[in-house]
């Protein structure tokens with residue numbers, strides 16, 4: 001027999017699981033407990049009370065008188081009484097007829113062994129007959145016990161005997177069925193994880209803060225809507241509305257979750273202040289909710305298991321109700337027993353009474369009533385489970401009440417669990433929805449970010465760049481701290497790897513800001529911020545992986561002067577990039593594209609009238625189509641680097657305003673087309689470095705205005721005299737070739753200021769080299785030079801002399817006469833410098849700053 005304590009553990013669900021037990025499950029648990037008590041009460045009564053009491057069925061008195069002498073046995077009637085102590089006594093009443101006389105104290109065996117026994121006198125017998133009443137039997141007490149036990153098993157129906165145990169078994173099955181989904185291995189871990197996350201989300205300080213802030217903002221919005229008050233002084237653009245962003249432009253609008261810089265600062269109660277620890281815990285919760293959602297929404301195992309166990313309980317209810325209704329009438333007070341032990345007892349039939357029948361029948365009726373209520377609840381549960389919206393959980397009401405417009409609807413097991421939670425308390429779902437909102441998560445990051453990056457900390461990260469401008473570089477943050485926009489004197493702002501960057505209206509305070517870098521940072525801007533950037537931003541760098549990362553508002557910055565695009569812009573994506581909008585950038589002067597183009601996009605050449613400098617850096621992809629360059633008549637500087645060019649493109653010869661051409665890192669072998677440069681009257685700088693050029697054609701003399709010629713890192717073996725006919729040449733770089741001799745004609749270059757021939761095979765320096773008295777930089781390193789002539793002293797404007805890597809034994813003492821040369825500008829081995837006379841070293845070691853000649 002099971003006790004209540006032994007089966008109580010079957011219904012011992014953790015208190016935290018209560019949020020997943022709807023009212024019907026709780027009610028059914030109570031019904032199961034009551035049914036369990038019915039079973040235990042009925043079983044206990046059966047164990048502690050007598051089971052059945054049986055008496056033999058005797059022939060009537062009339063029949064016994066009509067047939068005297070038919071039996072040589074006496075009829076005994078046993079009258080059982082119960083004493084105050086519950087003990088039973090038996091009194092045998094003897095009736096005289098033709099039957100023999102049996103004394104009360106004579107055993108039944110002796111009475112049956114002799115038919116005639118001595119009797120008393122006739123008067124005594126008459127007196128005893130007169131005093132004895134009732135029906136006569138001849139059974140002993142042990143025989144009654146024997147009959148009672150036998151008839152209990154023969155006459156009593158099985159349902160009357162096992163009813164308490166059936167109720168107990170049924171109740172245990174129902175209890176197990178109700179809680180099986182909490183214990184099933186494939187669901188219990190998910191449920192436990194969900195309950196844990198749900199509890200943390202409900203109690204998280206961030207939940208309270210987010211909901212109270214949105215409530216405050218909603219009330220403030222309503223107030224402003226009525227009063228017409230302005231939330232923040234807007235930046236007033238000095239230009240027309242032309243170039244305003246379209247509806248598809250990624251701006252921060254006022255729809256949805258109301259966390260915007262355009263909003264007034266709402267004072268929230270001090271209880272909502274979020275410290276760093278709470279913020280980190282909330283971040284972890286966002287991550288857990290995201291992973292749990294991905295893990296649960298792909299299946300509906302929990303839902304199916306709950307449906308299955310509900311169906312089992314319903315079928316169980318129908319089964320119990322059907323067979324119990326059939327057997328309810330079998331529990332009765334009277335039963336007829338035919339034990340077939342006449343040879344032992346002498347009687348064929350007994351009439352028995354089931355003294356527990358009345359109580360068991362009442363308990364059975366109560367049990368049937370409980371089962372009916374249980375069954376109706378099961379049917380209601382099935383109706384609730386099979387209704388259509390249960391497969392999806394909508395946060396529509398939560399979105400309306402809390403202004404969390406981006407809370408997504410969930411489905412499958414996630415939806416089912418939230419529907420179950422709603423039956424306990426809808427506030428759980430509302431608070432849980434906070435952690436499904438990306439806007440809420442971004443707001444949390446923003447708060448944590450602002451706590452960490454204060455104005456003082458940002459000020460420490462401001463540095464001076466090469467252009468002596470104040471620069472701030474923010475790398476891999478969750479957003480842009482608000483304090484950034486308080487740095488009103490900042491010139492350059494670099495945002496790198498900040499996917500959720502937002503530029504609020506406060507940027508209008510940064511009146512000095514002219515340069516912005518967006519490295520893998522598709523920033524969104526508010527309308528007021530865009531108006532400010534459109535009118536004030538001069539230089540923009542955008543580095544991206546996919547063309548979709550380029551913010552659409554970039555093409556609307558009409559006052560932009562310089563635009564740098566670094567990323568994948570192959571021919572397939574050119575149609576998507578939207579470069580046709582560049583024609584709106586009427587003041588754009590410099591366009592720098594670092595990508596893998598196969599042709600110059602027509603969209604770029606459409607803005608050619610505005611451009612003065614075009615830079616295309618390919619990653620090794622061959623640039624084939626260049627005819628569109630002819631449209632760029634105003635371009636003064638053109639760079640085509642790493643484009644796998646094999647010859648100088650003919651389209652370049654049409655650029656009449658070209659002043660500088662850079663064809664670095666291509667595959668150019670011959671430059672015979674250089675004669676066509678004579679039409680480019682303004683060309684002053686030609687950079688053909690890092691190519692495969694073998695020789696320089698004499699036609700180079702036709703470029704009369706050339707001032708800088710860069711031919712380093714090629715395969716030159718000699719310098720033709722034609723190069724030295726370029727009288728305006730001020731810079732000549734032929735480093736890292738295979739040149740063995742410097743021609744004496746170099747003395748003709750009277751305007752030469754920078755000569756680089758490092759990394760060649762020169763062994764002798766001609767004296768004519770030192771006639772170039774305007775030389776400031778002379779790089780002779782990594783050659784085979786054995787000596788430096790004393791005439792080096794003629795180079796009075798020399799500030800940089802590189803001699804390291806040669807075969808020198810000494811340095812000339814006349815180096816001291818180079819008035820502008822200092823030790824920092826002399827690149828030579830230490831032992832050679834130490835071998836110089838002390839007075840020379842003293843001159844070279846002087847730190848006094850001497851103004852350079854010619855404005856240098």
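Backbone N, Cα and C atoms are what each Cβ position is placed from, and that goes for glycine too.
Fair warning: this is a prediction, and the values are worked out from it, not measured in the lab.
Cross-referencing 364-386, 387-409, 410-432 with TrEMBL places the feature transmembrane segment at 364-386. Looking at 6-26, 27-47, the stretch flagged in TrEMBL as transmembrane segment turns out to be 27-47. Away from its own ends, the transmembrane segment (27-47) comes close to residues 1-4, 7, 11, 21, 161, 163-165, 167-168, 170-172, 174-175, 178, 313, 356, 359-360, 363, 366-367, 370-371, 373-374, 377-378 of its chain (Cβ-Cβ under 8 Å, at least six residues beyond either end). Per DSSP, the domain 'Disease resistance R13L4/SHOC-2-like LRR' (679-756) is made up of 16 helix, 12 strand, 50 coil. Averaged across the domain 'Disease resistance R13L4/SHOC-2-like LRR' (679-756), pLDDT in this predicted model comes to 93.
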